[in-house]
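**Q** Dumping the structure here so I can ask a few things about it.
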């Protein structure tokens, strides 16, 4: 039994260390991933979860908004490429329209994506408020009755 224990300890210790450092790197990537990236003017935006592959429990909700795209899926594709650089996975929660006026510190959130469905605009507003850049903004989130 002692021989087996010695064999297992010498085999498993390095594996545990490798797993721990691998996990730490992924968590660091998730923490470093930016929550909000939006342009100015009228934009198509998406609300999505970014998470470590296989671990949905460790995730963060992000907002991405781009003005010069035709479809919400184009915004989601950009988010997926960005997440892949960090070795993270994404899950889209929906989309909508956002009007961002930087001069007036005002953001209006409304509408829906025909392909991705309607994002929870109130959750989007909370994510924006958590970002220090948009905490002083007046943010209107309209449900619009398009559920």
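Heads up, the Cβ atoms here are built off N, Cα and C, so glycines get one too.
Heads up, here are the entries from TrEMBL:
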type     : residues : note
ACT_SITE : 72       : active site, proton acceptor
BINDING  : 44       : substrate binding site
**Q** If you draw a 10 Å sphere on the Cβ of residue 44 (substrate binding site), how many other Cβ atoms land inside?
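**A** The answer is 24 other Cβ atoms.
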**Q** List the Cα distance (Å, whole number) between the residue listed as 'active site, proton acceptor' and residue 44 (substrate binding site).
**A** 6
**Q** With every protein chain in view, how many other Cβ atoms are within 10 Å of the Cβ of the residue listed as 'active site, proton acceptor'?
**A** 25
**Q** Once the DSSP letters are reduced so that anything not helix or strand counts as coil, what is the residue listed as 'active site, proton acceptor'?
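**A** Assignment for the residue listed as 'active site, proton acceptor' reads helix.
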